[in-house]
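Comments concern the structure below.
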């Protein structure tokens, strides 16, 4: 049984999780994951050692790609939903919880891993619900909150027995000048390893990955909206499966306020090293970067630099767009596409409806 020690380098505070290996880069730490055992099978997928950051392999031989018939994600066999409901949730255990934003970041974001013992058979792109401990002001149990899953279907430990989340701690001042803390986000960010957590789900089919391994997948994320894309990208570039090998193009646009909030940056940079021809990575750091006109660099501003290329990709029937994060980015992206489509005599809003119908435009915003 093969085993590999995996180190994922994540930006975090100085008080993060245990460090493995040498000294971390400034404002980062390396989260050590237990040895991965690749004799396991998950959902029919045999997974072998692909995530090691220390081994060098020869470039693979050129492969012949074949056209894959488009199959609706929502009709894929084996996708489980609502196995666990609020009245009978699954009780998992917190295995790891570490802050992944820098000390100077505007707010805290945490990466956490929960045990599932294989009882929550989720897919990349699904969500789970979390029911925080305690009762509300009416004396009733807190309602569940949904969170996008941040790990691939086999989990961060590659044993199909864990699920990971990426959660920002919600703290704000209301109109009365009172400090308000989000119930579930603070519950999760304060969890200690060994603590129990009540989980529901999995839920959702909107954000499932396309089955076509030759597809172009454009991912647009802001903040913790990166969660489902981390799950996609781990499957594409850190794992090997008997029935799936990604040969297409993955293009990630990630928008954040500061460089200390570039979540999972070192993981993504490692993926780019592994597959430079198949993975493109563009950051938009609004408080630190500007475009040529001096405008703040939001995600739509960065996309505008590639607008013609993006439009050409969107004309193809094997291009899929996934958007996750703050709702405000939708309008900015529409504004770019309206002008581009008009040059070809196309009404963008009508065209976007067609893309949605063919499951090529997938949105999960809040």
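Every residue, even glycine, has its Cβ placed from backbone N, Cα and C.
Swiss-Prot lists 1-48 with the feature transit peptide. Annotated domain 'FAD-binding FR-type' per Swiss-Prot: 87-209, in sequence order. Residues or ranges marked as FAD binding site in Swiss-Prot (evidence: similarity to another entry): 145, 146, 147, 148, 166, 167, 168, 172, 183, 184, 185, 224. Swiss-Prot lists 184-189 with the feature disulfide bond. According to Swiss-Prot, the phosphothreonine annotation covers 216, on the basis of similarity to another entry.
Feature map: annotations from Swiss-Prot on the structure.
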{"residue": "145", "record": "FAD binding site", "Cβ within 10 Å": "19"}
{"residue": "147", "record": "FAD binding site", "Cβ within 10 Å": "23"}
{"residue": "166", "record": "FAD binding site", "Cβ within 10 Å": "24"}
{"residue": "168", "record": "FAD binding site", "Cβ within 10 Å": "19"}
{"residue": "183", "record": "FAD binding site", "Cβ within 10 Å": "16"}
{"residue": "184", "record": "disulfide bond", "Cβ within 10 Å": "20"}
{"residue": "185", "record": "FAD binding site", "Cβ within 10 Å": "22"}
{"residue": "189", "record": "disulfide bond", "Cβ within 10 Å": "20"}
{"residue": "216", "record": "phosphothreonine", "Cβ within 10 Å": "18"}
Largest CA-to-CA spread of FAD binders 145, 146, 147, 148, 166, 167, 168, 172, 183, 184, 185, 224, angstrom: 22
Residue 184 (disulfide bond) and residue 145 (FAD binding site), distance between Cα atoms, whole Å: 7
Cα-Cα distance linking residue 189 (disulfide bond) and residue 168 (FAD binding site), given in Å to the nearest integer: 8
Segment-level pLDDT (mean, integer) for the domain 'FAD-binding FR-type' (87-209): 95
Shortest C-alpha distance to residue 184 (disulfide bond) - which of the recorded positions 147, 166, 216: 147
Tally of DSSP helical, extended and coil residues in the domain 'FAD-binding FR-type' (87-209): 7 helix, 51 strand, 65 coil
Rounded inter-Cα distance in Å - residue 183 (FAD binding site), residue 189 (disulfide bond): 10
Residue 216 (phosphothreonine) - helix vs strand vs coil (DSSP): strand
Distance, residue 166 (FAD binding site) to residue 189 (disulfide bond) (CA atoms, angstrom): 10
Nearest-integer angstrom distance between the alpha carbons (Cα) of residue 166 (FAD binding site) and the residue listed as 'phosphothreonine': 25
Rounded distance in angstrom between the Cα atoms of residue 147 (FAD binding site) and the residue listed as 'phosphothreonine': 25
